[in-house]
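Asks: Have a look at the structure that comes next, please.
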Ligand code: NA
Ligand code: NA
């Protein structure tokens, strides 16, 4: 009997982790224990930024990672975090389908295999004051955690301010930050309504987590077991996307229930954001080269 | 039960390594290597390097060496005398005399520092020589310091409360507020113990200084100005949004340099000495943290903490027995793990259990901090003990025995916290009212 | 003999030098964190400061491992070893040093290997510093290697010192 330890970065009650835990249980059961997959949530085995390396080098045979966090490895990984390129679950799925072959090839070069990917709820705009257009973002202290969010702040005329995830609540409480783009789940998890009153459902992008396997570990499995794992992965992907859709509305309700103003963007704000999106997509294409360009074209053609 | 065998093996090897005199950090690495070879099929050395690299280069830890450096600078200023001249006239006539300065000093420094070891190192640096010079009993000097140093975790800012809040998705601002009253309560409990002990052991206490006049007391109060300014610089910068809790440590260093310059104790030699001293202490703590992060990984692979936690879950206990069981569980775990690892490794299983039993998660966070605080002063792995060993040169067993009464007081604090949960929940409750 | 003495002097200098380098990185750490506060106050985004602070910290602690060992500032439980007789004490010291040198070398070996793997995979940091990871990881490999050397050095010292002369090292005060 084989045992696969599966490091997860997010807490056990997060739906990505719940989904992965169910996937692990399904594989263990369907193989009759021949392959036991043990999920380790909350970064209790490897932390988020260690997981890609751990799976790649075989320290863990399987693991889950936020795809766009790997943008420094290859710009292709950033495609699902391009602002205002794919701004709904349907578009995000289309983008996923369009980018999947290139993604699989890229992972394969690194000795990895993609099992499934599940999106986070759409990214909305959190702000302490009402926002009717991009002009309202001028001079606002906007949370940046990587090059892309910093560039976004710059294009908005906001001031990018470096805040790590662990200091999010405190940063908003003390006025280190006034604004950020993040999913409804971040605001709910951090009880952001204590400090921030407005959330705009701009659906800036829908980043995904992916579950990857080390190819050596994969090749050690017999064909039957591989089939079972792939089947469980397909089910987990389907369940994960459905859950993300369901939760997206649930989070919006919860933010509103806790006294936040939850609205769609004004036409002006939408137009401003689309323009910024085009700029950043063009900048990304320059970085990602022909391969990247082809994916965006394929996605837009659908 | 498999878990029992695992515990037995880990414990035996670790105790043997530690007991035979192998350096603590190396012992932790050693037991993890052996444990992983025995119980997992993963590449041990590579996993070790990955984990230690990321744990030891983690941004949230950067406050630790800087706070230690701050302590080293302050040690070379007149702040030590300031603090004594400031607090002594006020606390001198209390039974137990200047031992209370240890506790009050730790409570004050806890409001700057997010960690327990840094609080002990910073306060102890100032108070150990002063109390020794006044011939206070060594055991009480060390005991009060070891115990009161844990306030660094309870009184905000607190690294462990941030980690707990992030792990279980609770408001960190509320957790910080919740820690204030229990922190003060624990400080008062420590002081009560000092009062009672000194009344029972009059012969072992030095003669108190003569009572101070009010004029002297007021002038003494002014001596506290540098310390107060430093707290304002660090805490104020956090609450005014100038710096995050992690970054504020560097303002403490700058503040300490300003105090040193103002008092004329800033020389090239004192700069060099403070820097090298901080480097050594940080390296000492870093080696232990490196070993401890690897032990967490090894235990995570064996599934030991999770197995134990789910075993407790299966027993189906009442809230009271659950808390008693959890307290024992964390005390045992805390003997071998640092508090942060203990929280991170077990919360996945403990959280649903505790929610199901109907506990307020803010309250539970404070309870948890007090319980894992105890881990700081229990042998064989207790950071406050290590720091004090480094500072006093006394045996580990002497230091651990000196800290034992404080361990009892923290158990008492848990009892009070269970009986009167409002100690923790009142402040965050009041705070959240107007936002609705 | 003169060669050995020169070697030993050279090694001691190596520990001291890496200790000074570590201290320098502590200053760098302070400066980086200060820049992080100042840049926010000025409304400037400086990419990668968080990561660089972390690298400075690991350099400032790991490079000082050997120097800290030589200063006798690493913590150990001396309860039993201090109560042992002269002969047993030497035996225990040998045991401690053999085990420590063993695991210390293991630690160093895999730290070097980590750098090698990062180099081979051209692994980049996931942070906004986007640096090739093997570069900052060199500090960990270098620090653990010098530490392993110092442990082996100490072991040899213990082996050639007559049992009667192995005494408890004087307690070091932190920051002494
Ligand atoms: Na604190
Ligand atoms: Na302990």
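Just so it is clear, glycine is given a Cβ too, placed from its N, Cα and C backbone atoms.
Note: TrEMBL annotation is automatic and uncurated.
The domain 'TRAP C4-dicarboxylate transport system permease DctM subunit' annotation in TrEMBL covers B:12-422. According to TrEMBL, the transmembrane segment annotation covers B:6-39, B:51-70, B:99-120, B:141-164, B:176-200, B:221-242, B:248-271, B:283-302, B:322-350, B:362-386, B:398-420.
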Asks: Go through B:51-70, B:141-164, B:176-200, B:221-242, B:398-420 and flag the stretch with the largest number of C-beta pairs under 8 Å relative to the transmembrane segment (B:283-302).
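Replies: The stretch I would name here is B:51-70.
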Asks: Where, among B:6-39, B:141-164, B:176-200, B:221-242, B:362-386, do we find the most CB pairs under 8 A to the transmembrane segment (B:51-70)?
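Replies: If we count Cβ pairs closer than 8 Å to the transmembrane segment (B:51-70), B:141-164 scores highest.
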Asks: With the transmembrane segment (B:6-39) as the reference, find which of B:176-200, B:221-242, B:362-386, B:398-420 contributes the most Cβ pairs under 8 Å.
Replies: B:362-386
Asks: Within the domain 'TRAP C4-dicarboxylate transport system permease DctM subunit' (B:12-422) only, compute the mean pLDDT.
Replies: 86
